[in-house]
């Protein structure tokens, strides 16, 4: 597990004189964040605390110490034990949280994280990639990623981020309604995109996606629905009806198919995330 952690923020080297006060008082790491202390010189005392500030355990760390990660949300504080102290702190997270923590992007779609556990690195098209939350993660895992979106600002952000992270992602401005994928891919991803497409173009778009997926390859679609029991609360240009997406892919093998309630990141007038029904499908081409 710890081998899967990646550093998203490294603090400067601190001495006894500039060790931040907040770290010398009771504090904890965020959800999904592990702390990695490194003592370069001198001695540092580390206190494990309860939420009330009671000491559970004390440790003295030196450059020779094998210092374990500070677990997420674990209460602790530190204290300089020598005048020559030099230490630093790195913040670590799982790969799926890396870009959201480092760049404050929207979290990677959970179905993409799940799909990556069963689909080995391959040639991927992220169709309607937005700022690249899914593309960046898949590239980090070693997939050969192509990312298309119609929004210039989103593609510009993705290009800037991939350069900073030294990731090889091919990007382009693209109107999905054109249904003009020309190369073949092993995995085509489209999460929360179909609701912005032209209704009359959807059959052509899906046909084009299916035709340009290699045999044995996968399509992952997460899309808004509107059904009699749960009408879509927002005026999207397209929503799937009950079993409509399933019907489009009836000649493929379904690894996952469900039509469940979900939430948008968008909130209503009371600040609550908008709830609606989504079709989620991971299918393999026979």
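Cβ atoms are placed via backbone N, Cα and C, with glycine included.
The shown structure was predicted, so the numbers you read here are calculated from the model rather than taken from an experiment.
The S-adenosyl-L-methionine binding site annotation in Swiss-Prot covers 128, 133, 149, 175, 176, 191 and is backed by similarity to another entry. Close to residue 191 (S-adenosyl-L-methionine binding site) in the fold, though at least 6 residues off in sequence, lie 109, 111, 112, 128, 134, 220, 221, 222, each with a CB less than 8 Å from its CB.
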Local backbone state of residue 176 (S-adenosyl-L-methionine binding site), from DSSP in three classes: helix
Three-state secondary structure, which DSSP defines for residue 133 (S-adenosyl-L-methionine binding site): helix
Residues near residue 175 (S-adenosyl-L-methionine binding site) in space but at least six apart in sequence (CB under 8 A): 150
Cβ neighbour count within 10 Å of residue 128 (S-adenosyl-L-methionine binding site): 21
